[in-house]
Amino acid sequence: MSGYLVSDNRKVTTHRFIEMKERGEKISMLTSYDFTTAGIVDSAGIDGILIGDSASNVMVGNSTTLPITIDQMIYHASAVARAVKRALVVCDMPFGSYQVDRKEGVKNAIKIMKESGCDALKLEGGVEIIDTVKGILDAGIPVMAHLGLTPQSINKFGTYAVRAKEEAEAEKLASDALLLQEAGCFSVVFEKVPASLATKVSKELTIPTIGIGAGNGTDGQILVVDDMLGMTKGFSPKFLRRYADLNTVMTDAIGNYIRDVKSSDFPNSEESY
Ligand code: KIV
């Protein structure tokens, strides 16, 4: 088997994320939404698994992340948490679950932690949600922040294009990141921002930055597992590297099964009772 050999089998914690940044070890993250996939991703040695609200797109075919509910996120996250032995398990707080006010955000954060069994939560936004982030941290829940392209705000942005190309937005991203670090977040995701900006802010922060479409200067990387395995065909952004073509592998396997059923080759006597 080719691939990566895990040198340390201890459970990955938020503290280990920060230690990895301190010693210059890059952090690997992928999404997962179900028990079987999460078990494979964890056994391969990934550092962190995100139950992304991208489940809304990838698992059920919505065009945005907005429709997914708290209970649906808990359903996916609890399946992932049951499978994972080593990786840090982070769950997205879905749209609407933390934007109203601090009290409601903290209540929903506690519900997700209690019912999913995950290790930490991720929230999109900076200064606009800082009060709620502080409330969640005060409740003892580790928070990963998410800046740049924040898909829950797609209707405000109107496009999935690269963010923070203009100076004002770049400066806001840098000050938001610092604010979130000072509040106590253990990490921050930078999605679809210029590599030069992500590199500069990553150097300014002591907490690790995890990039997706943010170049090679962040402290770690994350991809959507179905995209990097080549299961999703229509989605081909520049930042995506496909490590397999599972769409073709699965289509071929299913085609062979159909052929064998139609020809009465399956099941044979050894496959029968
Ligand atoms: O929902 C998700 O999959 C994410 C990652 C792309 C960072 O937020």
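Just so it is clear, glycine is given a Cβ too, placed from its N, Cα and C backbone atoms.
Keep in mind it's a predicted model, so treat the numbers as computed, not measured.
Positions annotated as active site, proton acceptor by TrEMBL: Glu191. The DSSP secondary structure for Glu191 (active site, proton acceptor) is strand. Counting only residues at least six positions away in the same chain, the Cβ atoms of His146, Leu147, Gly148, Leu149, Thr150, Pro151, Arg163, Gly211, Ile212, Gly213, Ala214 sit under 8 Å from the Cβ of Glu191 (active site, proton acceptor).
Here TrEMBL flags Asp53, Asp92, Glu124 as Mg(2+) binding site. Contacts of Glu124 (Mg(2+) binding site) defined by a Cβ separation under 8 A and a same-chain sequence distance of 6+ are given as His146, Leu147, Thr150, Pro151, Gln152, Ser153, in order along the sequence.
Annotation comment: TrEMBL describes Asp53, Ser54, Asp92, Lys122 as 3-methyl-2-oxobutanoate binding site. The 10 Å shell around the Cβ of Lys122 (3-methyl-2-oxobutanoate binding site) contains 23 further Cβ atoms across the protein chains shown.
The Cβ of Asp92 (Mg(2+) binding site) has Leu50, Ile51, Gly52, Asp53, Met73, Leu121, Lys122, Leu123 as same-chain neighbours under 8 Å, each 6 or more residues away in sequence. Each of the binding-site residues Asp53, Ser54 was scored by the number of other CB atoms within 10 Å of its CB, and the largest score is that of Asp53.
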